[in-house]
């Protein structure tokens, strides 16, 4: 990176602490061990523009990372140009990524004052949190920040109807866009969603000052209002983090003297000196998932004890028991071999055991350091966020993010610097992007079908993704694409490095294949023993559970949305399993049922015969050997298990055949419906295709076992052929976002940007325009909506709906007055023209399942991201939300307005 030679007076070093608490002296700087994070001098707007335009002073694009490879440092490529706006990479002949900042345009007709808002405008990006390793944008941007009633970027008067029904009082500046702006392989062309994302009428807008504060929680946007005015979701009315007054004293504390600080001061010092925000936020989220300090420690100890037990019991049972004397012995001492570890274990096994003991020692040492790190995170939660460990199992993640946002604002206010106040900001979108920086790329990787996991073998041409193969893929690809700090290497953005990176990736695949060959015997043994101990008792006591199903690894990646955190996805996935079982059970398999009935009859007959004979001589007949070393008791257990398995697999109950309706309800949870499924929901082919995603657990265990053997061959022969596509994928799917660094372009929700080519009046009219022949409901059109736009909708809804502010294991509670309405209606039925919803107790699939599980309200257990929350679709005279629905809050309110308007015309 080239520094500006014209700048004689070098400004102070740009550290995270200086951004948060103001510029400090060199004496303090050296004492607090502040890390240098940028070699770029901070210029004003004129100097910055001159600096960028000067061809002799081009500088590399900076992100949160530094290159960790020697090949990047010695690269002869021309540096990538950086603009202070959002960066998009496009391939050009010379291999240099050219940047295209978003342009701003006025309304065509000028009927509404200001400009059409842009979801992530240049002003929004300029006011984002300053990323580590990057200089701030021009100071003029912060000086032009509006105040008072005009607070917020110009033109942010109209909000998206999706986010109108708010939880925390936040509104999105998201405006309408037409199909011209929603183009590309991942952008939908749904008419319904064109209307949903159309511009809202001017009469539905609110105070812009309030909107700026609200939107700052979800997306990076400056706020001039007091952050203390932000409301937190009930029942956790957390107090905003306090403004700390002793920060100047803490800045003079040396890193080696942290032991002299109190826990609160230590937590504040750690927060002020964060060097890698991605790692820090990941630790905060892991602490939230683990439910606190002691729960995480106990979980780590239990995992370590599980490994020890599996190795100990397998070694002991294999070398310390004399099985030849079992039949003639009556006590354990008679079959136990004394000093078996010295006399029975071979030297090779002893070496392996000592290696295992060394591994356990390293895990214990790692646990010691984990305890120290967890203690710091605990202090951060308790003293800075005001959240105790007792609240973590039930507190919503949205509340934690809100406290993080407020804490960042309080630190900026403490610095008393205009630039820091305006630009050092966090948001829910930033937090999710940083935590899921790698996961978002993995989601896009599988969604684009980049990887070829087949083998040139007739029986394995469609090899499925397994956990062991997934672990190897992450190790080879993500471990190569991201440096040790967790950021994408800039070499992946240069087309000239494509061939070199592809060859290096092939070498990693081949090396990983050899390592899997070496470790496969141990992995197979451990896998068999672990699952045997885990599932044997379950299958023995309840043999019918052998027919239980679970989602495959590839299904989990395809179902997961961009920026959807793990606990949100897990809740949605588990809630969908009940509906998935109901859907599959509606397709009777007559042929299999006939065969299983015969096997059940035969096995039951043998059990009956042996049981009757046992009555005559119970003492001796149970030990009677029917075959060599196989007694009556053995065969009774065997045939009894076979009978139970067949009985559980045969569905003898009468079920209502409504696969199409059930699958639509299932799709509302999985958010997955290929276009090939349209119009075929009731067919056996779609059911079989879904069963590949929701397979039998016993089948998945067998596939995992076989995968340990086949993984080396996939790494040798299949994945190296995709190396070029993988490198191209990272270059084409990576964007640079100021304040975040290099991220997956689909995770930035660029498809939600407004179309400035249409004025507000035209977009508002398109939202309410619908032909009488448009019989498809919004639920039906969800099928054709692209994943990125769908991820945006559910992300906004997850963080804005009050009913979604729940703990990790909590469901939506029943609402007063919501009983007695059918919940199995499609959107078309619910909003049918000229019809009213009947007050009756419907018995659709959802309601029947909830009644079976003891739930009076069918909405309980329906996560559905509440974007299509069914409880909000019904006009309830007994609830207090009637007025808000009439005002048109949210997507449902807009649809209600449209149909009400249509009925009035009639």
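Note: Cβ is positioned from N, Cα and C throughout, glycine not excepted.
The annotation topological domain 'Cytoplasmic' is assigned in Swiss-Prot to 1-292, 372-508, 530-595, 652-697, 719-906. Among the features that Swiss-Prot reports, region 'Disordered' is placed at 58-88, 100-159, 838-863. What Swiss-Prot lists as compositional bias 'Acidic residues' is 63-78. Marked as compositional bias 'Low complexity' by Swiss-Prot: 126-137. Taken from Swiss-Prot, the feature transmembrane segment covers 293-313, 351-371, 596-616, 631-651. Taken from Swiss-Prot, the feature topological domain 'Lumenal' covers 314-350, 617-630. Annotated intramembrane segment per Swiss-Prot: 509-529, 698-718, in sequence order, evidence recorded as similarity to another entry.
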**OP:** Write out how many residues of the topological domain 'Cytoplasmic' (652-697) are helix, how many strand and how many coil, based on DSSP.
**Re:** 26 helix, 3 strand, 17 coil
Subject >> Structural state census, the topological domain 'Cytoplasmic' (530-595) (DSSP three-state) >> reply: 50 helix, 3 strand, 13 coil
**OP:** Residue list, the transmembrane segment (596-616) vs rest of chain: Cβ under 8 Å, 6 or more residues beyond ends.
**Re:** 622, 632, 635-636, 639-640, 642-643, 646-647, 649-650
Subject >> Long-range neighbours of the topological domain 'Lumenal' (314-350), counting only residues six or more past its ends (CB under 8 A) >> reply: 525, 529
Original post:
Which residue counts does DSSP yield for the topological domain 'Lumenal' (617-630) in the helix, strand and coil classes, in that order?
Top reply: 4 helix, 4 strand, 6 coil
